[in-house]
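Copied from Swiss-Prot, the annotated features are:
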type	residues	note
BINDING	E116, D117, I118, V119, T120, T121, G122, L123, S124	5-phospho-alpha-D-ribose 1-diphosphate binding site
BINDING	T120, R148	orotate binding site
Amino acid sequence: MNTEDVLNEFRGAGALREGHFVLSSGLHSPVFLQKNLVFQYPDRTERLCKALAAKITEAVGPVDLCVSPAVGGIIPGYETARHLGCPSVYVEREGGEFKLRRAFSIPEGARIAMVEDIVTTGLSSRECVEAIRKAGGNVVVAACIVDRSGGRADPGAPLVALARLDVPAYPADQLPPELAAIPIEDPGSRRLKG
């Protein structure tokens, strides 16, 4: 599966949107990938995550556990783990930091794939990787369905992406005039407190 195949899954679900969006990172962009519209379809999710699992295996060999950041990473993390034949757990924000909760644990010496939905700056992924390491985990790869940074994001581990895009994203005080003229939509989840 290549980048165009991934984008076709998003288009088919009505999930490739144009306008003026505030991303989870706080950056503004003319393009938003509404992954929840894709993940509501098991067949689309299966195709994407099966392909991501194959890329992970090709890059690092077998893994013992997938760990994902809540909320957005839970579905792709679980489905990717299913194709990798390993368990899936997730970290949640508590006091502003990602932590393992709900009796989840990381087995000593486990080879871990941190699986995310979409990476823009890599901040959520990096925070997830740090939480895994703090819990004693060995993160061998960070993986995502879409890297919209064009390869510039730093998730704190080698990044494997099913699709890599170079989508513009701007700080609020550096918007191009044509983007500033469009009303803002804020579909992100990062500002949810938990």
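Including glycine, each Cβ sits where the backbone N, Cα and C put it.
Values in this document were obtained by computation on a predicted structure and should not be read as measured data.
Sequence features annotated in Swiss-Prot and their locations in the structure.
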residue: E116; record: 5-phospho-alpha-D-ribose 1-diphosphate binding site; Cβ neighbours (10 Å): 28
residue: I118; record: 5-phospho-alpha-D-ribose 1-diphosphate binding site; Cβ neighbours (10 Å): 25
residue: T120; record: 5-phospho-alpha-D-ribose 1-diphosphate binding site; Cβ neighbours (10 Å): 25
residue: G122; record: 5-phospho-alpha-D-ribose 1-diphosphate binding site; Cβ neighbours (10 Å): 22
residue: S124; record: 5-phospho-alpha-D-ribose 1-diphosphate binding site; Cβ neighbours (10 Å): 26
residue: R148; record: orotate binding site; Cβ neighbours (10 Å): 25
Q: Please classify the secondary structure at G122 (5-phospho-alpha-D-ribose 1-diphosphate binding site) using three-state DSSP.
A: coil
Q: Write out, in the order they occur in the sequence, the residues of the chain not among E116, D117, I118, V119, T120, T121, G122, L123, S124 that have a C-beta within 8 Å of the mean position of the C-beta atoms of the recorded 5-phospho-alpha-D-ribose 1-diphosphate site.
A: S24, S25, S125, C144, S149, A153, P155
Q.
Given the binding-site residues E116, T120, S124, find the one whose Cα is closest in space to the Cα of R148 (orotate binding site).
A. T120
